[in-house]
């Protein structure tokens, strides 16, 4: 018997494997999904949001920062002796320098998506400077305002050298190695609770506007967003813009309808939309420049208070940078990055 190579197969013929097809590689920007543990986030550090949505979210950040800047100027400028024009100029300076600081931090500092603004930790030292000049004699309130601003500028200049020294000598980075939530969270909470008596009474000065705004913001963030996908996008991503626009329109309607015609002056100042005089007194174009209120005044008693506020604001910023890196899906900022960011601040 002779074997042959002809073998009879009773099964189906073997399938022919097709040659691999060419895989197309996308040429557009790579979009990274948020981290699995942070599924509630729509974007992470490497995500690229659409331009319209990016502009809307950026404007919402600006509104939040503008609110804190207006609150600081409204609290301090009248006690210095400044008028509405001075208040508008201080707000312009705070917003302008907040933008400069944000650009420096996002380009050269931590490179995290953080918006820099005026720190509330400096309110108490500034208040002490204002009280220090309360018994001084000036020819006018405007002169008292300019003299107080010069003293504030001088103490801020000296205290800023503390940030520069501890930042660029990398001393702050070595110190942050001992930072933990047990250290950072109490510092931030104590500063915030200390300002409670100054911030929350502003809401009580116009309850019919402040309280509905607070309730609407809480309800929209936790209840209204569950009804529809579009409502979720509106109230979660743009909740501050929506609530601010709605309550501002409500306040304008009350003002036009004459609801505040026969109330006390403080209520008119707090509730009416035509009593701030910030837009009417502010120039169309104004670029802040160094020493715009005159040469700075240096006094040791003022400087020491500002030095304490500078340390507190550095701790606040460091905690914010660590939290922003965690929530953005980035690695924790190294010590040299934290030192560089404080030096820029």
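Note that Cβ sites are derived from N, Cα and C of the backbone, with glycine treated the same way.
Keep in mind that TrEMBL annotations are predicted by a computer and have not been checked by a curator.
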178-196, 273-291, 292-310 - the one TrEMBL records as transmembrane segment: 178-196
Where TrEMBL places transmembrane segment among the ranges 114-133, 134-153, 314-333: 114-133
Highest-contact recorded stretch vs the transmembrane segment (59-78), from 154-172, 203-224, 236-263, CB pairs under 8 Å: 236-263
